[in-house]
Amino acid sequence: MSDNHTPRALGEWPEGFRSGFTSFVGRPNAGKSTLTNALVGQKVAITSAKPQTTRHTIRGIVHREDAQLVLVDTPGLHRPRTLLGQRLNDLVAETLSEVDAIGFCLPANEKIGPGDRFIATQLAQLQRKPIVAIVTKADLVDREALAAQLIAVTELGNQNFGPNGFAAIVPVSAVKEFQVQEVADVLVQQMPAGPPLYPDGELTDEPEAKMIAELVREAALEGVRDELPHSLAVVVEEMVPREGRSENNPLVDIHVSLYVERSSQKAIVIGRGGSRLREVGTNARKGIEKLLGTKVYLDLHVKVAKDWQRDPKQLGRLGF
Ligand SMILES: Nc1nc2c(ncn2[C@@H]2O[C@H](COP(=O)(O)OP(=O)(O)OP(=O)(O)O)[C@@H](O)[C@H]2O)c(=O)[nH]1
C-alpha cells in the first residue's frame, strides 16, 4: 500500500508477519470495488484469469511491511436476490473455505435493509469466520448520522453473530481516503501468521502459480525448517486441466519442482522410501484444492541445484 517500502523477496519476511485472504461482501453499490481500489492502489492491481482452474478472482493485494492481504472476489454474496437455496449455500461454503476473514460493507448513508439482513444471515452460517463490518461512504453523512449507523450495525451484528457481534466495526470513506488504513489494520489483525503469498509489488497474471509454490514450500519445510533454512525453492512447472473430465468434476494436473542445494537435503525432503514427500504432497494438495476450488493431481519432483542462491541465472529461473 505505501509507496516507500523496501521490496522484499519471497522467502524473507519479518517476525510476526501475517498473510491471508479476505473478501468484501455487501449489496450492490455498497462500495466494495471503490474500497478495494483504495486499499490496493493502482500500482499492484492484479487480475487472475483462469476460469477453468479457479472460481475466484483476485482483486488485488495489499502489501505492507507487516502483512499481506489478498483480496478475493466471492461471486454470489454480491447479488443475493438472484440466488436461491442450495446454490447460495454452496457459495457460502466456498467462501468459507477460501478466506480468512470477510469484510461486510454497509453504506453509511442508507438504512440497513432486507438485502443487508439477508447477507448477515448467510454470513452467520460461517461459524467462527471473523466478519468485520465496514461502514462505507462515511463522507456522505454527518457525525450524528454516522454514530447512529454504527449503532444500527452493532445491533445487526449482535442479532446475527451472538453477543460478540462483528469482529470489528470500522467506518471508512474510500473516496475521501478517511480511515482506509484502519480497514487494512483490522483485516490484518484477523489474518493468520504466515509468509507473504506473493512477491512484493509484483504484477503478475499468474498469481495462483505463486501461491501454489508457496503452499508446497510451506508443506515441505514443515518440521524440518531448521535443517533446510534457506535452501529450498519451489517452481510450478506446469498446470494443466486434465482432458476428458466433465465440467462439474474438473481435475488439474500440477507439476512442481523442489530445488535443494545438496543431496543430503534432498534425502530430508523425500524421507525414507519417499514417505515424507508423500505427506508433503498430501498436505500441499489440500491447500491447493481449497485455493483453486477443484480437485488436483500434484506431482512433486525434488532436484539438486547447487548453490542456487548465489547464482543469478538459477535465481531468475526460480522466480526470485
Ligand atoms: N461519496 C462516496 N461515494 C462512494 C464511496 N465508495 C463508493 N462510492 C460510490 O458508490 C458507488 C458504488 O461503489 P462501488 O465501489 O462500485 O460499489 P460495489 O459495492 O463494488 O458495487 P457492485 O459492483 O454493484 O456490487 C459508486 O458510485 C462510488 O463512486 C465513498 O467512500 N464515498
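Cβ atoms here come from the backbone N, Cα and C positions, even for glycine.
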Problem - Segment assigned the feature region 'G3' in TrEMBL (from 5-8, 73-76, 113-116, 245-248) - result: 73-76
Fill in the blank from the handout: For the region 'G1' (26-33), the DSSP helix/strand/coil residue counts are 2 helix, 0 strand, 6 coil
Practice task
Could you tally the C-beta atoms, other than its own, that fall within 10 angstroms of the C-beta of Gly26 (GTP binding site)?
Solution key: 23
Fill in the blank from the handout: Taking all protein chains shown into account, the Cβ-based neighbour count within 10 Å for Ala138 (GTP binding site) is 25
Handout entry: For the domain 'Era-type G' (18-193), mean pLDDT (0 to 100)
Key = 80
Completion exercise
The DSSP breakdown of the domain 'KH type-2' (224-306) into helix, strand and coil residues is 29 helix, 29 strand, 25 coil
